[in-house]
Amino acid sequence: MTDMSHQCVIVGIAGASASGKSLIASTLYRELREQVGDEHIGVIPEDSYYKDQSHLSMEERVKTNYDHPSSMDHSLLFQHLQMLKSGQPIELPVYSYVEHTRTPNTIHVEPKKVIILEGILLLTDARLRNELNFSIFVDTPLDICLMRRIKRDVNERGRSMDSVMAQYQKTVRPMFLQFIEPSKQYADIIVPRGGKNRIAIDILKAKISQFFE
């Protein structure tokens, strides 16, 4: 955990795929933005840092294990966190789930008082953990995560139910048990029931609000 006197405070939200991380992050961002303004708080998804696969064929890209730490460009994310905390802007990568690689575009992100960083593998990397001012693990039962993942990937990412189920059985569940669940030990706060846990969200809001004082 880092010194809270840094210019940019980084709050990490980790947990299984479809556990409710993004919902908690977006709820905190929306409600805190109403209090402090858009210039003081932002959200960065770890998904933006999947490695560039433009040099691979589509056949090779779709075989990528997206739930293994090696699929992430954590070195770039680590560099970007350091830049934000030192007051420098970053160019956030844009990842396409349809093309299974980065796009040529980036999003310009200015340092904020608080940045909420959310993703499945955040707490598996000691470099990233050391840049977080505090961290949250969203602890949602895997059967609920699976139902949410099917709905999301079919409706929003254009995938078939069979492909979602095959990926879940082959990589998502095994990688959760091997990497993501063990990383829960590094979280400062564990939130059960995901984005439906209003009491937990209010507690997190109160904690993050301290950084604006």
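Heads up, the Cβ atoms here are built off N, Cα and C, so glycines get one too.
Pulled from Swiss-Prot:
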- Gly15, Ala16, Ser17, Ala18, Ser19, Gly20, Lys21, Ser22: ATP binding site (BINDING)
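Annotation for Ser17 (ATP binding site): spatial neighbours Asp67, Ile120, Cys145, Arg149, Val172, Phe176, criterion Cβ-Cβ under 8 Å with sequence separation of six or more. Secondary structure from DSSP puts Ser22 (ATP binding site) in a helix.
Taking each of the binding-site residues Gly15, Gly20 in turn and counting other Cβ atoms within 10 Å of its Cβ gives the largest count for Gly15. Each of the binding-site residues Ser19, Ser22 was ranked by the number of other C-beta atoms within 10 Å, and first place falls to Ser19.
Neighbour counts of Cβ atoms within 10 Å were compared across the binding-site residues Ala16, Ala18; the minimum falls on Ala18. Counting only residues at least six positions away in the same chain, the Cβ atoms of Ile13, Ala14, Gly15, Glu118, Gly119, Ile120, Val138, Gly194 sit under 8 Å from the Cβ of Lys21 (ATP binding site).
DSSP classifies Gly15 (ATP binding site) as strand under the three-state reduction.
The ATP site, placed at the center of the C-beta atoms of Gly15, Ala16, Ser17, Ala18, Ser19, Gly20, Lys21, Ser22, has further neighbours from the same chain whose C-beta lies within 8 angstroms: Ile120, Val138, Thr140, Cys145, Arg148, Gly194.
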